[in-house]
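Structure, as structure tokens:
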Amino acid sequence: MASLRLATLAMMVLFGSCRAGATVFTLVNKCSYTVWPGTLSGSGSSVLGEGGFTLAPGQSVPLTASSRWSGRFWGRTDCSFDASGKGSCITGDCGNVLNCAQAGGTPPVSLAEFTLGDKDFYDVSLVDGYNVPLSIAAVGGTGDCRTAGCVSDLRTSCPAELSVTSNGQVIACKSACAAFSTPEYCCTGDHGSPQTCSPSKYSQVFKSACPTAYSYAYDDATSTFTCSNADYTITFCPSS
């Protein structure tokens, strides 16, 4: 489902021409625990932050992207890596390495997605599930530059059938598509259009808790935002 979201965003950039200059993404960790951000760039876009790095509590890291950059960011949790960068994460793992290169995060994972251009399109997506509170805030810019994200900790309200647990604790919340693999939850087959794929009771749990985040594949109207000539702050645990 994440690939569907990136493809949609990539098409959106055709509505605007490329702006000059660069965009700065500042990743901020307000969690009480270390987060290992992963980055995945779209076709033709440069890799940011070597694909992944460590972000300690209270730390921030700026990453500079070209004006046509597209891709996504996510947070990995409970990771352990050796000196060569090999290891694993309990949530959001990207192939047992610190630097994700061209591997996306293993669901369930909260995603911050971007396609930059004359108009930047951005969203926070829970289509692939949830693992870390996450927000995107535009810095400067003009347009519909509202903050997108999921501030709530969905692990505390995740339905039991979607819960991912470790040592008796809920550590992530799966999407209904991942949990049940049916067309009505995955928006595939006979349910593969906005007209035939409606919000489910599970996506409504996500939407109620996080009204500016994507809760299912066709949740565009209240979940995609546009801004021009802005930089962006991506915050893990924004309410902390």
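Cβ from N, Cα, C; glycine included.
Summarising the annotation, Swiss-Prot assigns signal peptide to 1-20 and lists sequence analysis as the type of evidence.
Residues annotated as disulfide bond in Swiss-Prot: Cys31-Cys237 (among others). Annotation for Cys237 (disulfide bond): same-chain Cβ neighbours under 8 Å, separated by at least 6 residues, are Asn29, Lys30, Cys31, Ser32, Val132, Pro133.
Within the same chain, the residues at least 6 positions away from Cys89 (disulfide bond) whose Cβ sits under 8 Å from its Cβ are Trp36, Arg76, Thr77, Asp78, Cys79, Ser80, listed in sequence order. DSSP gives Cys89 (disulfide bond) a strand state. Taken from Swiss-Prot, the feature disulfide bond covers Cys79-Cys89 (among others).
Mapped onto three states, the DSSP output places Cys100 (disulfide bond) in coil. Sequence annotations record features per position, and here Swiss-Prot assigns disulfide bond to Cys94-Cys100 (among others) based on sequence analysis.
Residues or ranges marked as disulfide bond by Swiss-Prot: Cys145-Cys227 (among others). Secondary structure at Cys145 (disulfide bond), as computed by DSSP, is coil.
There are 24 other Cβ atoms within 10 Å of the Cβ belonging to Cys210 (disulfide bond). Residues or ranges marked as disulfide bond in Swiss-Prot: Cys150-Cys210 (among others).
Residues or ranges marked as disulfide bond by Swiss-Prot on the basis of sequence analysis: Cys158-Cys173 (among others). Counting every protein chain shown, 27 other Cβ atoms lie within 10 Å of the Cβ of Cys173 (disulfide bond).
Feature annotation from Swiss-Prot assigns disulfide bond to Cys177-Cys186 (among others); the stated evidence is sequence analysis. There are 24 other Cβ atoms within 10 Å of the Cβ belonging to Cys177 (disulfide bond).
Swiss-Prot lists Cys187-Cys197 (among others) with the feature disulfide bond. Within 10 Å of the C-beta atom of Cys187 (disulfide bond) sit 21 other C-beta atoms, taking all shown protein chains into account.
The Cβ of Cys79 has fewer other Cβ atoms within 10 Å than any other of the disulfide-bonded residues Cys79, Cys94, Cys197, Cys227. When the alpha carbons of Cys145 (disulfide bond) and Cys210 (disulfide bond) are compared, the span between them is 17 angstrom. In the three-state DSSP classification, Cys173 (disulfide bond) falls within a strand. Around the Cβ of Cys145 (disulfide bond), a 10 Å sphere holds 20 further Cβ atoms from the protein chains shown.
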